[in-house]
Amino acid sequence: MQPRLGGPALLLLPPLLLLLLLGAGGGDCGARAEVLFRCPPCTPESLAACKPPPGAAAGPAGDARVPCELVREPGCGCCSVCARLEGERCGVYTPRCGQGLRCYPNPGSELPLRALVHGEGTCEKHGDAEYSASPEQVADNGEEHSEGGLVENHVDGNVNLMGGGGGAGRKPLKSGMKELAVFREKVTEQHRQMGKGGKHHLGLEEPKKLRPPPARTPCQQELDQVLERISTMRLPDERGPLEHLYSLHIPNCDKHGLYNLKQCKMSLNGQRGECWCVNPNTGKLIQGAPTIRGDPECHLFYNEQQGARGVHTQRMQ
């Protein structure tokens, strides 16, 4: 399950870490904020265990011919995957966007963070989206463009909290302590707006009859709890790493609010996170399905489980 709100808030969260998760930028290594989220180096053993990414074909001389741009897998994994192209869907748990692209929530999204967690963002060129803002704007005006774009995705071990590649003339990023404080404030504001059931959109207009908000699914409720927990975390020392965030399990919900069959922990220390299979309605483990660092092929076990239930129902009748 792998880490972006736009601006400091979104980028602190993946693998919410998100938001660690979605982007790895070249960034200025001297910026203190980046030190908090630097991925560990990949060991030779970890790299040797990587399989060729889907779409890579072997050439006549045994050389790999890769018809796609390769990027590092989400989180702190060490293997390569094909990057998402311009216009393709993207989010916290999807492969990164290609070079020069960023994953943006849709401009009309009321909850950009949730949209990105659900993989409902779009890979767009930096500056094309309405949410885009320069790193300086985001850093100096935490209240402006708070739901901005995500950092550029390069095959790099550094996670740039403020977006984009590094370069001379960029202002130093603010401390991790300040960034987490801004993140906490933004998440709290999102929950407050959710609780209003849409009233904040009425502005000065005459009161309208509002529909009651739809009931939250178990997956959405679990995600809300995780976000609430992050929003109330104690601020770390500004130089202290935020490893405690990695221990959180961020549920992988689909666009309908159901659990995705495959749930995974975030990649860490050069190792892929473990993945397991759950029932899409309840989030409970599917018995017999393995927990592995790879694809447990959950659809096979889910179909088998559903088939067994169907046979049992027929016998009961």
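Glycine residues also receive a Cβ, built from the backbone N, Cα and C atoms like all the rest.
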Candidate cysteine (Cys68, Cys76, Cys90) that Swiss-Prot pairs with Cys82 in a disulfide: Cys68
Looking at the disulfide bonds in Swiss-Prot, identify which of Cys264, Cys277 pairs up with Cys275. Cys264
Check for me: which candidate out of Cys76, Cys78, Cys103 does Swiss-Prot give as the disulfide partner of Cys90? Cys103
According to Swiss-Prot, which residue among Cys79, Cys97, Cys123 is joined to Cys50 by a disulfide bond? Cys79
Which disulfide-bonded residues are spatial neighbours of Cys90 (disulfide bond) here, meaning Cα within 10 Å, out of Cys97, Cys123, Cys219? Cys97, Cys123
To the nearest Å, how far is the Cα of Cys42 (disulfide bond) from the Cα of Cys76 (disulfide bond)? 9
Does DSSP put Cys90 (disulfide bond) in a helix, in a strand, or in coil? strand
Cα-Cα distance linking Cys264 (disulfide bond) and Cys253 (disulfide bond), given in Å to the nearest integer: 12
Model confidence over the domain 'Thyroglobulin type-1' (216-298) (mean pLDDT, whole number): 81
